[in-house]
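Participant: Checked Swiss-Prot, it gives:
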| type | residues | note |
| --- | --- | --- |
| ACT_SITE | Cys165 | active site, for beta-ketoacyl synthase activity |
| ACT_SITE | His304 | active site, for beta-ketoacyl synthase activity |
| ACT_SITE | His341 | active site, for beta-ketoacyl synthase activity |
| DOMAIN | 4-411 | domain 'Ketosynthase family 3 (KS3)' |
Amino acid sequence: MSQNKRVVITGMGALSPIGNDVKTTWENALKGVNGIDKITRIDTEPYSVHLAGELKNFNIEDHIDKKEARRMDRFTQYAIVAAREAVKDAQLDINDNTADRIGVWIGSGIGGMETFEIAHKQLMDKGPRRVSPFFVPMLIPDMATGQVSIDLGAKGPNGATVTACATGTNSIGEAFKIVQRGDADAMITGGTEAPITHMAIAGFSASRALSTNDDIETACRPFQEGRDGFVMGEGAGILVIESLESAQARGANIYAEIVGYGTTGDAYHITAPAPEGEGGSRAMQAAMDDAGIEPKDVQYLNAHGTSTPVGDLNEVKAIKNTFGEAAKHLKVSSTKSMTGHLLGATGGIEAIFSALSIKDSKVAPTIHAVTPDPECDLDIVPNEAQDLDITYAMSNSLGFGGHNAVLVFKKFEA
């Protein structure tokens, strides 16, 4: 059996509520910029939810031909834009000689929800003959991967993971394993989501998952007293990851190394986490075991931290159960306090934050931290970014259905 290959991050691309590229998104995260505001994409008057993290000043026609864009749902459009940025950042040349060894693995939690709404209205109002022939290709969650591979010409391993809010992290984890075992030299991977639609807001509201707070400064406040649900966000976070051998051969810039991946199932409830965060705790331990490290080795954890009453508390319990005494010295921040919850895309964005935290020795804060929940008594990096020398960082994603996914990143050393 061949030895596992080392896997490094060489490119990044982002669309988020706090920036339309990686540079802007990261700078605003370190500044503690709040990307949450009143929803403009749809009329929210009939709903109890009125806030979300929308993209700002973004026009898809600046990136994709209008005719082509009309044949894609927004979640696919976002993936293409972020993937192009990541590949350009990595200076990855996809050509006839390399295409078979470069794959794509991008997930979406809910896929083309807006496409579904439009097609359903056409069906009800005008009959089945008026439904677009592009309806199914626009709807299905794997189409972000499909369209990105077509757009970039990547012909290697190709797939899509759907694990609700753990989608982005699971996608990167699966791509990591593909490269680690030598099935590809590089993978374009992450998550994408465009959930700010009537049906998504109505559905998540009905499940009482969303915050009904209309104050943009307090609606999303992870680990704080009075938190009442998550605030939805949209965007995409895409990485180029590749074998160290490949990266060094072409002189690529390396942000960080991926060294561990853990994924588990709660087998407990369709939306609620297992008591005491048991499933999340096992995923964190599995990721550390995969990386060959102990809790004391980790300096920073980008928490799932969605600002739900039960979810935040259970994640804190999971962290304490996993890290023990080391939890007292761990920096734990929720960047969702700034971006909102990007569902399937959140793991991609937060992998970028984790890697850049290592590279720049800075940790983005948990903003809106003014009324701490005494039961969530971790160092959540309140309100202001902090300097921190990081060797290992971890990123948690926990999804409906009991999906738990964790990645471990390491400062790169040749």
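Heads up, the Cβ atoms here are built off N, Cα and C, so glycines get one too.
What's the neighbourhood like for these features in this structure?
Facilitator: Long-range Cβ neighbours of Cys165 (active site, for beta-ketoacyl synthase activity) (same chain, at least 6 residues apart, Cβ-Cβ under 8 Å): Gly109, His304, Thr306, His341, Leu343, Gly344, Thr346, Ser397, Leu398, Gly399, Phe400, His403.
His304 (active site, for beta-ketoacyl synthase activity) carries neither a helix nor a strand DSSP state and counts as coil.
In the three-state DSSP scheme, His341 (active site, for beta-ketoacyl synthase activity) falls into the strand class.
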Participant: Highest CB neighbour count within 10 A among the active-site residues His304, His341?
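Facilitator: Per the Cβ count within 10 Å, the most buried is His304.
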Participant: Per-residue pLDDT averaged over the domain 'Ketosynthase family 3 (KS3)' (4-411) comes to what?
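Facilitator: Here the predicted model's pLDDT, averaged over the domain 'Ketosynthase family 3 (KS3)' (4-411), is 98.
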